[in-house]
Structures are given as structure tokens and as C-alpha cells.
Amino acid sequence: MATETKLSQMEEFIRAFLEIDADSNEMIDKQELIKYCQKYRLDMKLIDPWIARFDTDKDNKISIEEFCRGFGLKVSEIRREKDELKKERDGKFPKLPPNIEIIAATMSKTKQYEICCQFKEYVDNTSRTGNDMREVANKMKSLLDNTYGRVWQVVLLTGSYWMNFSHEPFLSIQFKYNNYVCLAWRTPSQ
């Protein structure tokens, strides 16, 4: 049932920045951009507009702060994403319990694990009636808001569903635990 989740254009930009910053100095320069474009056979004409858009201090480099400011992102969240992606590349992330199935997710495996296991714990400690499941949804929203910043949406359901939604970069998940499906995503707080 799990499918490869297509990243949004914003998520692709963030991943590109993190990949271009191979030396992890939180700065990319024109040479690094050229190498990246050559590696992926991208149009070299993209380089100057990228530098013009993000290089606010005109030093021909794009810092992580300039990049985040240009997209309205929080530097701390991009750093966290970078650390979690590195753990994934190194194979250092926890495995989900066998009775949890990821349907779709744009977030790191670490976040997936934390969220899914907490949901499982909440569900396992209830009678699984309507009121208890409403409380699980409330607890999940509170946990997500407090752990990953506001404003999260949480939907719990059984059965089929179709949806289309917008979310903050790398902050959406859809998963199944037993007969429950949990949908969670963070929307902009401003």
C-alpha cells in the first residue's frame, strides 16, 4: 500500500540546498552550484538567478540563513531536517513496528517512527471507543504542536479516504495502525 511520496517543489529546493552543501558549512557558492547542475544535467542558466534571489549580502554565496529567509523557513527546522536526512543516508534510524504501515509521508524516518509509535501507544491505552479515539486525536495534535511547532491537523479514520492538502515542507504523514488510519500535517502558522 505504501507508495513513494512525491516531494513538493519547495521540498525539492530544500533537498537540493542540503545536497549542494556537501561540506556541511551551511553555505553554498557558485562553484558548488555549477557542480550540482553538471551532475544532474540542469540548465546552467539557473545558477545566476538562484544567487540573485538568495544572496542578500552579495558575497556570491548563499548561507542557510539567506536560503531560509528567501523561502520563509525556520533555520532550526532545516538544520533538524539535514541531521535526520544524514542519519537516514547512514542507515541510523529506528524501524517501525510491523503492524504500522506508512501510506505516504514527506517527513524523515525518525519523525515517522516517533509519531507512529506515539500514536500506537495512545491507541493501545484506550478502549478504542468514539470518545477515546477523539482523545487520541487531541493528544496527537497536542504532541505534534509541542514537538514540531504549530499548527498541526490530525484526522483519524477507518475505511477508505481521498484527500488533497497543502502542508509545510517535510511535515506530513499518513499511516495505518491495525484498522486505524492517521493523517497528520502541519499548516503555516501565519
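A Cβ is built for glycine as well, from the same backbone N, Cα and C atoms used for every other residue.
Mean per-residue pLDDT, taken over the domain 'EF-hand 1' (8-43), amounts to 91. What Swiss-Prot lists as domain 'EF-hand 1' is 8-43, and the listing cites sequence analysis.
The annotation domain 'EF-hand 2' is assigned in Swiss-Prot to 51-77. Each residue in the domain 'EF-hand 2' (51-77) gets a DSSP state, and the totals come to 15 helix, 3 strand, 9 coil.
Per Swiss-Prot, the feature Ca(2+) binding site maps to Asp55, Asp57, Asp59, Lys61, Glu66; the stated evidence is sequence analysis. On its own chain, Asp59 (Ca(2+) binding site) has no residue at least 6 apart in sequence with a Cβ closer than 8 Å to its own Cβ.
Residues 10, 13-14, 17, 21, 26-30, 33, 149, 169 of the same chain lie 6 or more positions beyond the ends of the domain 'EF-hand 2' (51-77) yet place their CB under 8 Å from a CB of it. Within its own chain, Asp55 (Ca(2+) binding site) has Lys61, Ile62, Glu66 as residues 6 or more apart in sequence whose C-beta sits under 8 angstroms from its own. Working note on the binding-site residues Asp57, Glu66: by count of other C-beta atoms within 10 Å of each C-beta, Glu66 ranks first. Broken down with DSSP, the domain 'EF-hand 1' (8-43) shows 22 helix, 3 strand, 11 coil.
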